[in-house]
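According to TrEMBL, the features are:
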- 1-17: signal peptide (SIGNAL)
- 115-314: domain 'Peptidase M12A' (DOMAIN)
- His209, His213, His219: Zn(2+) binding site (BINDING)
- Glu210: active site (ACT_SITE)
- 355-469: domain 'CUB' (DOMAIN)
Amino acid sequence: MLRSVFLLTLCASVALCASEYRVKKASRASLNRLKRLINEKTEQQHSDEKKLIGVLDDSPLLVRDPTAQRHHDELAVNNLDEYFQGDVELSETQVEILEKEIVESAEDSKARRRRKVGKAPLYKRWDRTRPISYDFASSVPYSTRIKIRQAIQLWERKTCVRFQESGPNVDRLEFFDGGGCSSFVGRTGGTQGISISTPGCDVVGIISHEIGHALGIFHEQARPDQSSHITVNYRNIPIGRWNNFYPVSLSQADVFGLPYDAGSVMHYGAYGFATDPYTPTITTTDKNLQSTIGQRAGPSFLDFAAINIAYGCNQHCGYLPCRHNGYPNPNNCSECLCPDGFSGSICQYVQYTSCGAHIAVSQDSVSIYSPNHPYQFDSNSECVWLLEAPPGGKVFLEFEDVFQFGCEDTCDKSFVEVKTGPDFRVTGYRFCCSTRPTKRFQTLGNEMLVLFKGNRERSRGFKARVWSDVSPIFTTTSSTTTAATTTTTVSTTALTTVAVEESTTERLSVAVSHGVSGKEVAVKSVADAGNGSARESVSKRIANEKKNAHATSWFVLQERTF
(Lines of atoms letter the chains of each structure in order from A and count residues from 1; the text may use other names and numbers.)
(Lines give C-alpha, C1' and ligand atoms only; values in the text may rest on other atoms or scores of the structure.)
Protein backbone atom coordinates (compact mmCIF):
# COMPACT_ATOMS: atom_id res chain seq x y z
CA MET A 1 0.00 0.00 0.00
CA LEU A 2 2.84 2.41 0.86
CA ARG A 3 4.45 1.66 -2.48
CA SER A 4 1.17 2.46 -4.27
CA VAL A 5 0.81 5.78 -2.48
CA PHE A 6 4.46 6.63 -3.22
CA LEU A 7 4.05 5.86 -6.91
CA LEU A 8 0.85 7.87 -7.04
CA THR A 9 2.58 10.87 -5.46
CA LEU A 10 5.51 10.68 -7.84
CA CYS A 11 3.29 10.40 -10.89
CA ALA A 12 0.68 13.01 -10.01
CA SER A 13 2.07 15.63 -12.37
CA VAL A 14 3.93 13.53 -14.92
CA ALA A 15 1.72 12.37 -17.80
CA LEU A 16 4.03 9.59 -18.99
CA CYS A 17 4.42 8.11 -15.53
CA ALA A 18 0.67 8.37 -14.97
CA SER A 19 -0.06 6.46 -18.17
CA GLU A 20 2.26 3.67 -17.04
CA TYR A 21 0.57 3.56 -13.65
CA ARG A 22 -2.98 3.31 -14.99
CA VAL A 23 -4.84 0.02 -14.93
CA LYS A 24 -3.74 -1.92 -18.00
CA LYS A 25 -6.40 -2.66 -20.55
CA ALA A 26 -6.62 -6.00 -22.32
CA SER A 27 -4.37 -6.58 -25.30
CA ARG A 28 -5.81 -6.24 -28.79
CA ALA A 29 -5.35 -10.02 -29.27
CA SER A 30 -7.37 -10.82 -26.14
CA LEU A 31 -10.10 -8.35 -27.07
CA ASN A 32 -10.34 -9.73 -30.61
CA ARG A 33 -10.59 -13.27 -29.26
CA LEU A 34 -13.52 -12.24 -27.04
CA LYS A 35 -15.22 -10.43 -29.92
CA ARG A 36 -14.92 -13.47 -32.20
CA LEU A 37 -16.47 -15.65 -29.52
CA ILE A 38 -19.40 -13.27 -29.11
CA ASN A 39 -19.85 -12.96 -32.88
CA GLU A 40 -20.01 -16.74 -33.23
CA LYS A 41 -22.57 -17.04 -30.45
CA THR A 42 -24.66 -14.21 -31.91
CA GLU A 43 -24.60 -15.82 -35.35
CA GLN A 44 -25.72 -19.12 -33.85
CA GLN A 45 -28.57 -17.46 -31.91
CA HIS A 46 -29.75 -15.54 -34.98
CA SER A 47 -29.32 -18.17 -37.65
CA ASP A 48 -32.92 -17.62 -38.73
CA GLU A 49 -32.64 -15.21 -41.70
CA LYS A 50 -35.78 -13.35 -40.63
CA LYS A 51 -34.17 -12.44 -37.32
CA LEU A 52 -31.02 -11.29 -39.10
CA ILE A 53 -32.95 -9.03 -41.44
CA GLY A 54 -34.83 -7.37 -38.61
CA VAL A 55 -37.02 -4.41 -39.40
CA LEU A 56 -35.82 -2.35 -42.37
CA ASP A 57 -37.63 0.40 -44.23
CA ASP A 58 -41.26 -0.63 -43.63
CA SER A 59 -42.21 2.56 -41.78
CA PRO A 60 -41.59 6.26 -42.47
CA LEU A 61 -40.04 6.55 -39.02
CA LEU A 62 -37.34 4.06 -40.04
CA VAL A 63 -36.20 5.91 -43.15
CA ARG A 64 -33.32 8.20 -42.29
CA ASP A 65 -34.21 11.79 -43.10
CA PRO A 66 -31.71 12.84 -45.80
CA THR A 67 -31.63 16.34 -44.30
CA ALA A 68 -30.76 15.08 -40.82
CA GLN A 69 -27.38 15.93 -39.39
CA ARG A 70 -25.33 13.06 -38.03
CA HIS A 71 -25.75 12.91 -34.29
CA HIS A 72 -22.40 13.34 -32.59
CA ASP A 73 -21.50 10.71 -30.01
CA GLU A 74 -18.55 8.60 -28.88
CA LEU A 75 -18.96 6.15 -31.78
CA ALA A 76 -18.31 8.97 -34.24
CA VAL A 77 -14.93 9.60 -32.61
CA ASN A 78 -13.55 6.20 -31.67
CA ASN A 79 -11.57 3.57 -33.52
CA LEU A 80 -14.24 0.95 -32.89
CA ASP A 81 -11.81 -1.96 -33.15
CA GLU A 82 -10.02 -0.84 -29.99
CA TYR A 83 -12.95 -1.14 -27.59
CA PHE A 84 -15.65 -3.46 -26.33
CA GLN A 85 -19.14 -2.23 -27.27
CA GLY A 86 -17.75 0.87 -28.92
CA ASP A 87 -16.20 2.67 -25.94
CA VAL A 88 -15.73 0.22 -23.04
CA GLU A 89 -12.27 -0.72 -21.78
CA LEU A 90 -11.70 -4.23 -20.40
CA SER A 91 -8.85 -5.62 -18.33
CA GLU A 92 -7.31 -9.01 -19.13
CA THR A 93 -9.09 -10.48 -16.11
CA GLN A 94 -12.44 -9.16 -17.29
CA VAL A 95 -11.88 -10.62 -20.76
CA GLU A 96 -11.16 -14.02 -19.20
CA ILE A 97 -14.28 -13.88 -17.02
CA LEU A 98 -16.46 -12.92 -19.99
CA GLU A 99 -15.00 -15.66 -22.18
CA LYS A 100 -15.63 -18.27 -19.51
CA GLU A 101 -19.18 -17.07 -18.98
CA ILE A 102 -20.01 -17.12 -22.69
CA VAL A 103 -18.63 -20.62 -23.13
CA GLU A 104 -20.42 -22.00 -20.09
CA SER A 105 -23.66 -20.06 -20.32
CA ALA A 106 -26.86 -21.88 -21.12
CA GLU A 107 -29.95 -20.21 -22.53
CA ASP A 108 -31.71 -18.60 -19.57
CA SER A 109 -34.85 -16.57 -20.16
CA LYS A 110 -34.61 -14.98 -16.72
CA ALA A 111 -31.29 -13.41 -17.68
CA ARG A 112 -33.09 -11.28 -20.24
CA ARG A 113 -35.31 -9.48 -17.79
CA ARG A 114 -32.90 -7.40 -15.80
CA ARG A 115 -29.89 -5.18 -16.09
CA LYS A 116 -28.29 -1.93 -15.56
CA VAL A 117 -25.55 -1.41 -12.99
CA GLY A 118 -22.59 -3.80 -12.86
CA LYS A 119 -22.05 -6.03 -9.83
CA ALA A 120 -19.28 -8.31 -8.52
CA PRO A 121 -17.25 -10.25 -9.43
CA LEU A 122 -16.71 -8.77 -12.90
CA TYR A 123 -17.34 -5.15 -11.87
CA LYS A 124 -17.06 -3.33 -8.55
CA ARG A 125 -18.71 -0.18 -7.29
CA TRP A 126 -17.03 2.69 -5.51
CA ASP A 127 -17.25 3.30 -1.76
CA ARG A 128 -20.09 5.81 -1.46
CA THR A 129 -18.84 6.98 1.94
CA ARG A 130 -15.72 8.46 0.34
CA PRO A 131 -15.50 10.92 -2.57
CA ILE A 132 -14.12 9.45 -5.80
CA SER A 133 -10.68 10.97 -6.32
CA TYR A 134 -9.86 12.17 -9.81
CA ASP A 135 -7.04 13.93 -11.64
CA PHE A 136 -6.31 15.42 -15.04
CA ALA A 137 -3.40 14.34 -17.21
CA SER A 138 -1.43 17.17 -18.77
CA SER A 139 -2.92 16.17 -22.15
CA VAL A 140 -6.36 17.51 -21.11
CA PRO A 141 -6.73 21.22 -22.00
CA TYR A 142 -8.27 23.72 -19.60
CA SER A 143 -11.45 24.12 -21.67
CA THR A 144 -12.09 20.37 -21.53
CA ARG A 145 -11.43 20.26 -17.79
CA ILE A 146 -14.25 22.75 -17.31
CA LYS A 147 -16.64 20.48 -19.22
CA ILE A 148 -15.50 17.43 -17.24
CA ARG A 149 -16.26 19.27 -14.01
CA GLN A 150 -19.68 20.21 -15.40
CA ALA A 151 -20.40 16.55 -16.22
CA ILE A 152 -19.32 15.54 -12.72
CA GLN A 153 -21.69 18.14 -11.27
CA LEU A 154 -24.58 16.61 -13.23
CA TRP A 155 -24.05 13.31 -11.40
CA GLU A 156 -23.44 14.95 -8.01
CA ARG A 157 -26.55 17.14 -8.22
CA LYS A 158 -29.00 14.22 -8.34
CA THR A 159 -27.13 11.35 -6.65
CA CYS A 160 -25.18 10.90 -3.42
CA VAL A 161 -21.97 10.09 -5.30
CA ARG A 162 -19.25 12.67 -4.73
CA PHE A 163 -15.99 13.41 -6.52
CA GLN A 164 -12.84 15.12 -5.26
CA GLU A 165 -10.26 16.63 -7.56
CA SER A 166 -6.71 15.62 -6.54
CA GLY A 167 -8.22 13.54 -3.72
CA PRO A 168 -6.14 11.19 -1.55
CA ASN A 169 -7.57 7.78 -2.50
CA VAL A 170 -5.40 5.15 -4.18
CA ASP A 171 -8.34 3.96 -6.29
CA ARG A 172 -9.02 6.92 -8.54
CA LEU A 173 -9.96 8.22 -11.97
CA GLU A 174 -7.62 9.98 -14.33
CA PHE A 175 -9.02 11.92 -17.27
CA PHE A 176 -6.62 11.91 -20.20
CA ASP A 177 -6.59 12.32 -23.97
CA GLY A 178 -6.21 8.83 -25.39
CA GLY A 179 -7.42 9.67 -28.88
CA GLY A 180 -11.03 8.68 -28.21
CA CYS A 181 -13.88 8.50 -25.66
CA SER A 182 -13.63 5.46 -23.38
CA SER A 183 -13.90 4.16 -19.83
CA PHE A 184 -13.81 1.01 -17.76
CA VAL A 185 -17.13 -0.05 -16.19
CA GLY A 186 -17.13 0.34 -12.41
CA ARG A 187 -14.08 0.47 -10.14
CA THR A 188 -11.08 -1.52 -11.29
CA GLY A 189 -8.70 -0.60 -8.47
CA GLY A 190 -5.70 1.69 -8.77
CA THR A 191 -5.72 4.54 -11.26
CA GLN A 192 -8.18 3.91 -14.06
CA GLY A 193 -8.30 6.13 -17.09
CA ILE A 194 -11.23 7.86 -18.75
CA SER A 195 -10.21 9.01 -22.20
CA ILE A 196 -11.72 12.34 -23.26
CA SER A 197 -10.07 13.48 -26.47
CA THR A 198 -10.15 17.09 -27.65
CA PRO A 199 -11.74 17.77 -30.04
CA GLY A 200 -14.40 15.07 -30.33
CA CYS A 201 -15.23 13.89 -26.83
CA ASP A 202 -15.20 17.31 -25.18
CA VAL A 203 -19.00 17.45 -24.93
CA VAL A 204 -20.66 17.43 -21.51
CA GLY A 205 -23.18 14.74 -22.53
CA ILE A 206 -20.48 12.42 -23.90
CA ILE A 207 -18.33 12.97 -20.80
CA SER A 208 -21.31 12.16 -18.55
CA HIS A 209 -21.76 8.94 -20.56
CA GLU A 210 -18.17 7.88 -19.86
CA ILE A 211 -18.48 8.81 -16.17
CA GLY A 212 -21.65 6.71 -16.10
CA HIS A 213 -19.57 3.72 -17.21
CA ALA A 214 -17.01 4.43 -14.47
CA LEU A 215 -19.82 4.50 -11.88
CA GLY A 216 -20.93 1.07 -13.09
CA ILE A 217 -23.57 1.61 -15.79
CA PHE A 218 -23.62 -0.51 -18.93
CA HIS A 219 -25.10 0.53 -22.25
CA GLU A 220 -28.88 0.69 -22.06
CA GLN A 221 -29.43 -1.21 -25.31
CA ALA A 222 -27.34 -4.08 -23.88
CA ARG A 223 -29.91 -4.91 -21.19
CA PRO A 224 -30.76 -8.61 -20.92
CA ASP A 225 -34.34 -7.68 -21.88
CA GLN A 226 -33.03 -6.07 -25.07
CA SER A 227 -35.25 -8.05 -27.43
CA SER A 228 -38.42 -6.72 -25.76
CA HIS A 229 -37.51 -3.13 -26.58
CA ILE A 230 -35.34 -3.00 -29.70
CA THR A 231 -34.59 -4.97 -32.84
CA VAL A 232 -30.94 -5.16 -33.89
CA ASN A 233 -30.64 -5.15 -37.67
CA TYR A 234 -27.66 -7.51 -38.00
CA ARG A 235 -27.96 -7.45 -41.78
CA ASN A 236 -26.72 -3.85 -41.74
CA ILE A 237 -23.81 -4.52 -39.35
CA PRO A 238 -20.47 -6.08 -40.38
CA ILE A 239 -20.27 -9.53 -38.81
CA GLY A 240 -17.08 -8.53 -37.03
CA ARG A 241 -19.02 -5.91 -35.07
CA TRP A 242 -22.03 -7.93 -34.00
CA ASN A 243 -20.37 -8.21 -30.57
CA ASN A 244 -21.22 -4.57 -29.90
CA PHE A 245 -24.89 -5.44 -29.45
CA TYR A 246 -24.45 -8.49 -27.23
CA PRO A 247 -26.73 -8.18 -24.17
CA VAL A 248 -25.27 -8.17 -20.67
CA SER A 249 -26.08 -11.23 -18.59
CA LEU A 250 -27.84 -11.25 -15.24
CA SER A 251 -24.65 -12.45 -13.56
CA GLN A 252 -22.97 -9.19 -14.58
CA ALA A 253 -25.64 -6.62 -13.80
CA ASP A 254 -28.99 -5.71 -12.28
CA VAL A 255 -31.71 -3.25 -13.26
CA PHE A 256 -33.24 -2.98 -9.77
CA GLY A 257 -36.70 -3.15 -11.31
CA LEU A 258 -36.21 0.03 -13.35
CA PRO A 259 -37.89 0.17 -16.78
CA TYR A 260 -36.03 0.33 -20.08
CA ASP A 261 -35.29 3.95 -20.98
CA ALA A 262 -34.87 4.89 -24.63
CA GLY A 263 -33.75 8.34 -23.47
CA SER A 264 -30.87 7.10 -21.33
CA VAL A 265 -27.55 8.86 -21.95
CA MET A 266 -26.13 5.32 -22.05
CA HIS A 267 -28.20 4.26 -25.10
CA TYR A 268 -26.70 3.93 -28.59
CA GLY A 269 -28.14 5.98 -31.40
CA ALA A 270 -29.99 4.37 -34.29
CA TYR A 271 -27.14 4.21 -36.82
CA GLY A 272 -24.10 3.01 -34.86
CA PHE A 273 -21.86 0.51 -36.71
CA ALA A 274 -24.05 0.73 -39.85
CA THR A 275 -22.89 -0.55 -43.23
CA ASP A 276 -25.61 1.46 -44.98
CA PRO A 277 -25.72 4.84 -43.20
CA TYR A 278 -29.34 5.38 -44.25
CA THR A 279 -30.64 2.19 -42.61
CA PRO A 280 -30.79 1.93 -38.81
CA THR A 281 -28.91 -0.74 -36.90
CA ILE A 282 -31.32 -0.33 -33.98
CA THR A 283 -35.08 -0.09 -34.38
CA THR A 284 -37.19 0.56 -31.30
CA THR A 285 -40.12 -1.81 -30.79
CA ASP A 286 -42.29 1.23 -30.19
CA LYS A 287 -41.53 3.08 -33.42
CA ASN A 288 -42.35 6.46 -31.87
CA LEU A 289 -39.23 6.15 -29.70
CA GLN A 290 -36.91 5.91 -32.71
CA SER A 291 -35.73 9.52 -32.50
CA THR A 292 -35.44 9.40 -28.71
CA ILE A 293 -32.54 6.94 -28.58
CA GLY A 294 -28.95 8.16 -28.55
CA GLN A 295 -29.29 11.49 -26.72
CA ARG A 296 -26.09 13.00 -25.33
CA ALA A 297 -27.50 16.02 -23.50
CA GLY A 298 -26.93 14.42 -20.10
CA PRO A 299 -28.07 11.62 -17.75
CA SER A 300 -31.79 10.88 -17.74
CA PHE A 301 -34.03 10.64 -14.68
CA LEU A 302 -33.64 6.85 -14.73
CA ASP A 303 -29.85 7.04 -15.14
CA PHE A 304 -29.73 8.96 -11.86
CA ALA A 305 -32.20 6.54 -10.28
CA ALA A 306 -30.03 3.55 -11.18
CA ILE A 307 -27.00 5.05 -9.42
CA ASN A 308 -29.05 6.11 -6.40
CA ILE A 309 -30.34 2.57 -5.96
CA ALA A 310 -27.01 0.88 -6.67
CA TYR A 311 -25.18 3.05 -4.13
CA GLY A 312 -27.94 3.02 -1.50
CA CYS A 313 -28.29 6.79 -1.71
CA ASN A 314 -31.80 6.93 -0.26
CA GLN A 315 -31.28 4.62 2.70
CA HIS A 316 -31.18 7.54 5.13
CA CYS A 317 -34.38 9.12 3.78
CA GLY A 318 -37.81 8.47 5.23
CA TYR A 319 -41.07 8.12 3.37
CA LEU A 320 -42.28 10.98 1.19
CA PRO A 321 -45.57 10.88 -0.77
CA CYS A 322 -43.84 11.74 -4.04
CA ARG A 323 -46.20 12.06 -6.98
CA HIS A 324 -45.67 11.37 -10.68
CA ASN A 325 -43.04 8.67 -9.96
CA GLY A 326 -40.66 10.93 -8.05
CA TYR A 327 -38.61 9.66 -5.10
CA PRO A 328 -36.84 11.22 -2.08
CA ASN A 329 -33.87 13.39 -3.03
CA PRO A 330 -30.77 11.80 -1.46
CA ASN A 331 -29.24 15.27 -1.14
CA ASN A 332 -32.32 16.69 0.62
CA CYS A 333 -34.64 14.08 2.08
CA SER A 334 -37.40 16.64 2.70
CA GLU A 335 -38.13 16.96 -1.01
CA CYS A 336 -38.56 14.65 -3.99
CA LEU A 337 -36.51 14.28 -7.14
CA CYS A 338 -39.02 14.75 -9.95
CA PRO A 339 -39.16 13.40 -13.50
CA ASP A 340 -38.63 15.99 -16.22
CA GLY A 341 -41.63 18.30 -16.43
CA PHE A 342 -42.66 18.19 -12.76
CA SER A 343 -41.74 20.32 -9.76
CA GLY A 344 -42.77 20.99 -6.17
CA SER A 345 -41.68 19.36 -2.94
CA ILE A 346 -43.55 16.16 -3.85
CA CYS A 347 -43.68 16.60 -7.66
CA GLN A 348 -47.26 17.83 -7.45
CA TYR A 349 -46.88 20.69 -9.92
CA VAL A 350 -46.05 21.10 -13.57
CA GLN A 351 -42.57 22.58 -14.01
CA TYR A 352 -42.76 26.35 -14.23
CA THR A 353 -41.59 27.64 -17.61
CA SER A 354 -42.05 30.82 -19.61
CA CYS A 355 -44.93 29.12 -21.41
CA GLY A 356 -47.08 26.03 -20.98
CA ALA A 357 -49.77 25.29 -18.40
CA HIS A 358 -51.68 22.72 -16.40
CA ILE A 359 -54.81 22.23 -18.48
CA ALA A 360 -57.98 20.35 -17.59
CA VAL A 361 -59.13 18.90 -20.90
CA SER A 362 -62.66 17.91 -21.90
CA GLN A 363 -64.43 16.54 -24.95
CA ASP A 364 -64.10 19.97 -26.56
CA SER A 365 -60.60 20.10 -28.02
CA VAL A 366 -58.11 22.90 -27.35
CA SER A 367 -54.76 23.65 -28.94
CA ILE A 368 -51.28 23.92 -27.51
CA TYR A 369 -48.35 25.19 -29.52
CA SER A 370 -44.78 26.41 -29.36
CA PRO A 371 -44.18 30.14 -28.79
CA ASN A 372 -45.03 32.36 -31.78
CA HIS A 373 -46.35 29.44 -33.87
CA PRO A 374 -46.68 29.38 -36.86
CA TYR A 375 -43.76 31.81 -36.77
CA GLN A 376 -40.33 30.99 -35.38
CA PHE A 377 -39.83 30.35 -31.69
CA ASP A 378 -36.92 31.99 -29.89
CA SER A 379 -33.81 29.91 -29.23
CA ASN A 380 -33.45 28.50 -25.71
CA SER A 381 -37.20 28.57 -25.11
CA GLU A 382 -38.92 25.85 -23.12
CA CYS A 383 -42.54 24.93 -22.34
CA VAL A 384 -44.25 22.19 -20.32
CA TRP A 385 -47.94 21.27 -20.48
CA LEU A 386 -49.62 18.87 -18.08
CA LEU A 387 -52.89 17.78 -19.69
CA GLU A 388 -55.36 16.27 -17.25
CA ALA A 389 -58.62 14.48 -18.00
CA PRO A 390 -61.30 13.89 -15.35
CA PRO A 391 -60.84 10.70 -13.28
CA GLY A 392 -61.42 7.67 -15.46
CA GLY A 393 -60.88 9.64 -18.65
CA LYS A 394 -58.09 9.54 -21.23
CA VAL A 395 -56.18 12.37 -22.87
CA PHE A 396 -55.73 12.41 -26.65
CA LEU A 397 -53.28 14.43 -28.75
CA GLU A 398 -52.86 14.95 -32.49
CA PHE A 399 -50.28 17.17 -34.16
CA GLU A 400 -51.62 19.53 -36.81
CA ASP A 401 -50.56 22.43 -39.01
CA VAL A 402 -46.88 23.39 -39.49
CA PHE A 403 -44.29 21.11 -37.83
CA GLN A 404 -40.65 22.23 -38.06
CA PHE A 405 -37.54 21.72 -35.93
CA GLY A 406 -33.82 21.47 -36.53
CA CYS A 407 -33.11 17.99 -37.86
CA GLU A 408 -30.76 15.37 -36.38
CA ASP A 409 -30.83 11.58 -36.12
CA THR A 410 -31.49 11.97 -32.39
CA CYS A 411 -33.82 14.67 -31.07
CA ASP A 412 -31.98 16.13 -28.09
CA LYS A 413 -31.60 19.82 -28.94
CA SER A 414 -34.87 21.24 -30.32
CA PHE A 415 -37.87 18.91 -30.09
CA VAL A 416 -41.33 18.22 -28.73
CA GLU A 417 -41.72 15.27 -26.36
CA VAL A 418 -44.93 13.43 -25.49
CA LYS A 419 -45.24 11.36 -22.30
CA THR A 420 -48.42 9.29 -22.19
CA GLY A 421 -47.88 8.00 -18.64
CA PRO A 422 -48.74 6.71 -16.19
CA ASP A 423 -45.00 6.05 -15.61
CA PHE A 424 -43.42 9.46 -16.11
CA ARG A 425 -39.92 8.25 -15.25
CA VAL A 426 -39.19 7.03 -18.76
CA THR A 427 -38.25 9.46 -21.51
CA GLY A 428 -41.16 9.99 -23.87
CA TYR A 429 -41.64 10.15 -27.62
CA ARG A 430 -39.37 12.86 -29.05
CA PHE A 431 -39.92 14.40 -32.46
CA CYS A 432 -37.91 16.92 -34.47
CA CYS A 433 -37.17 17.58 -38.18
CA SER A 434 -40.08 18.60 -40.45
CA THR A 435 -42.18 15.44 -40.75
CA ARG A 436 -45.30 15.87 -38.64
CA PRO A 437 -46.12 12.74 -36.59
CA THR A 438 -49.38 11.20 -37.76
CA LYS A 439 -50.15 9.03 -34.74
CA ARG A 440 -53.01 9.89 -32.39
CA PHE A 441 -51.46 9.67 -28.92
CA GLN A 442 -53.56 8.36 -26.04
CA THR A 443 -52.77 8.13 -22.34
CA LEU A 444 -53.02 4.99 -20.23
CA GLY A 445 -54.14 7.03 -17.23
CA ASN A 446 -55.71 10.48 -17.14
CA GLU A 447 -52.55 12.61 -17.49
CA MET A 448 -50.28 13.47 -20.40
CA LEU A 449 -47.10 15.55 -20.29
CA VAL A 450 -45.88 17.52 -23.31
CA LEU A 451 -42.43 19.12 -23.24
CA PHE A 452 -41.06 21.55 -25.80
CA LYS A 453 -37.41 22.59 -26.04
CA GLY A 454 -35.98 25.08 -28.48
CA ASN A 455 -32.32 24.91 -27.59
CA ARG A 456 -30.88 25.33 -31.03
CA GLU A 457 -31.62 27.43 -34.08
CA ARG A 458 -35.00 29.08 -34.40
CA SER A 459 -37.73 27.11 -36.18
CA ARG A 460 -41.52 27.18 -36.45
CA GLY A 461 -42.15 24.46 -33.88
CA PHE A 462 -45.44 22.59 -33.51
CA LYS A 463 -49.15 22.83 -32.89
CA ALA A 464 -51.29 20.06 -31.41
CA ARG A 465 -54.97 19.48 -30.67
CA VAL A 466 -55.77 17.89 -27.28
CA TRP A 467 -59.01 16.57 -25.80
CA SER A 468 -60.50 13.96 -23.47
CA ASP A 469 -63.07 11.24 -23.98
CA VAL A 470 -65.12 12.54 -21.03
CA SER A 471 -66.08 15.95 -19.68
CA PRO A 472 -65.82 17.08 -16.04
CA ILE A 473 -68.80 16.91 -13.71
CA PHE A 474 -70.25 20.23 -12.56
CA THR A 475 -69.66 21.16 -8.93
CA THR A 476 -70.51 24.19 -6.88
CA THR A 477 -67.90 26.92 -6.62
CA SER A 478 -66.75 27.11 -3.01
CA SER A 479 -63.81 27.84 -0.78
CA THR A 480 -62.73 26.76 2.67
CA THR A 481 -59.79 27.67 4.84
CA THR A 482 -57.80 26.31 7.74
CA ALA A 483 -54.75 27.69 9.51
CA ALA A 484 -52.38 26.37 6.85
CA THR A 485 -54.27 25.43 3.70
CA THR A 486 -56.64 26.89 1.17
CA THR A 487 -58.98 25.17 -1.26
CA THR A 488 -58.90 27.04 -4.55
CA THR A 489 -61.62 26.45 -7.13
CA VAL A 490 -61.17 27.23 -10.80
CA SER A 491 -64.52 27.41 -12.58
CA THR A 492 -65.59 28.00 -16.16
CA THR A 493 -69.01 29.48 -16.82
CA ALA A 494 -70.20 26.42 -18.72
CA LEU A 495 -67.70 23.64 -18.54
CA THR A 496 -65.11 22.98 -15.88
CA THR A 497 -64.69 23.07 -12.13
CA VAL A 498 -61.43 21.92 -10.64
CA ALA A 499 -60.54 22.04 -6.96
CA VAL A 500 -57.00 21.87 -5.72
CA GLU A 501 -55.78 22.00 -2.15
CA GLU A 502 -52.44 23.65 -1.60
CA SER A 503 -50.45 25.72 0.88
CA THR A 504 -51.22 29.42 1.04
CA THR A 505 -47.81 30.26 -0.40
CA GLU A 506 -48.33 28.04 -3.44
CA ARG A 507 -52.01 28.66 -4.27
CA LEU A 508 -52.98 28.89 -7.90
CA SER A 509 -49.77 27.24 -9.16
CA VAL A 510 -51.91 24.41 -10.49
CA ALA A 511 -55.33 26.02 -10.86
CA VAL A 512 -54.71 27.90 -14.09
CA SER A 513 -55.58 27.75 -17.74
CA HIS A 514 -58.57 25.42 -17.25
CA GLY A 515 -61.28 25.60 -19.88
CA VAL A 516 -61.90 25.61 -23.60
CA SER A 517 -62.16 28.03 -26.49
CA GLY A 518 -64.64 30.82 -25.96
CA LYS A 519 -65.21 30.14 -22.26
CA GLU A 520 -64.48 32.62 -19.51
CA VAL A 521 -62.23 31.38 -16.73
CA ALA A 522 -62.77 32.82 -13.26
CA VAL A 523 -60.26 32.26 -10.48
CA LYS A 524 -61.44 32.27 -6.88
CA SER A 525 -59.27 32.20 -3.76
CA VAL A 526 -60.06 32.64 -0.10
CA ALA A 527 -57.27 35.23 -0.15
CA ASP A 528 -59.76 37.52 -1.90
CA ALA A 529 -61.71 37.70 1.36
CA GLY A 530 -59.39 40.17 3.00
CA ASN A 531 -55.74 39.15 3.34
CA GLY A 532 -54.03 41.98 1.47
CA SER A 533 -50.58 40.40 1.05
CA ALA A 534 -52.05 37.07 0.02
CA ARG A 535 -54.38 38.87 -2.40
CA GLU A 536 -51.35 40.59 -3.94
CA SER A 537 -49.58 37.23 -4.30
CA VAL A 538 -52.61 35.74 -6.02
CA SER A 539 -52.92 38.73 -8.34
CA LYS A 540 -49.28 38.42 -9.39
CA ARG A 541 -49.78 34.73 -10.08
CA ILE A 542 -52.82 35.42 -12.23
CA ALA A 543 -50.90 38.10 -14.12
CA ASN A 544 -48.16 35.57 -14.76
CA GLU A 545 -50.65 33.06 -16.07
CA LYS A 546 -52.17 35.68 -18.34
CA LYS A 547 -48.74 36.31 -19.78
CA ASN A 548 -48.15 32.58 -20.25
CA ALA A 549 -51.55 31.91 -21.78
CA HIS A 550 -50.37 32.27 -25.38
CA ALA A 551 -50.73 28.49 -25.69
CA THR A 552 -54.48 28.91 -25.26
CA SER A 553 -54.78 32.57 -26.19
CA TRP A 554 -58.56 32.56 -26.48
CA PHE A 555 -58.89 32.10 -22.72
CA VAL A 556 -60.07 35.12 -20.78
CA LEU A 557 -58.34 34.92 -17.42
CA GLN A 558 -60.24 37.19 -15.09
CA GLU A 559 -59.81 37.81 -11.39
CA ARG A 560 -63.15 38.33 -9.70
CA THR A 561 -64.34 39.44 -6.30
CA PHE A 562 -66.51 36.79 -4.69
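Each residue, glycine too, has its Cβ placed from N, Cα and C.
Curation does not apply to TrEMBL; its annotations are automatic.
All protein chains considered, the CB of the residue listed as 'active site' has 24 other CB atoms within 10 Å. When the Cα atoms are compared, His219 (Zn(2+) binding site) and the residue listed as 'active site' turn out to be 10 Å apart. His213 (Zn(2+) binding site) is surrounded by 24 other CB atoms, counting those within 10 A of its CB over all protein chains shown. A simple Cβ count within 10 Å picks out one of the binding-site residues His209, His219 as the most packed, and that one is His209. Here the domain 'CUB' (355-469) has, by DSSP, the following mix of helix, strand and coil residues: 0 helix, 56 strand, 59 coil. A Cβ within 8 Å of the Cβ centre of His209, His213, His219, the residues given for Zn(2+), is found for these other residues of the same chain: Glu74, Asp87, Val88, Ser183, Val185, Glu210, Gly212, Ile217, Phe218, Val265, Met266.
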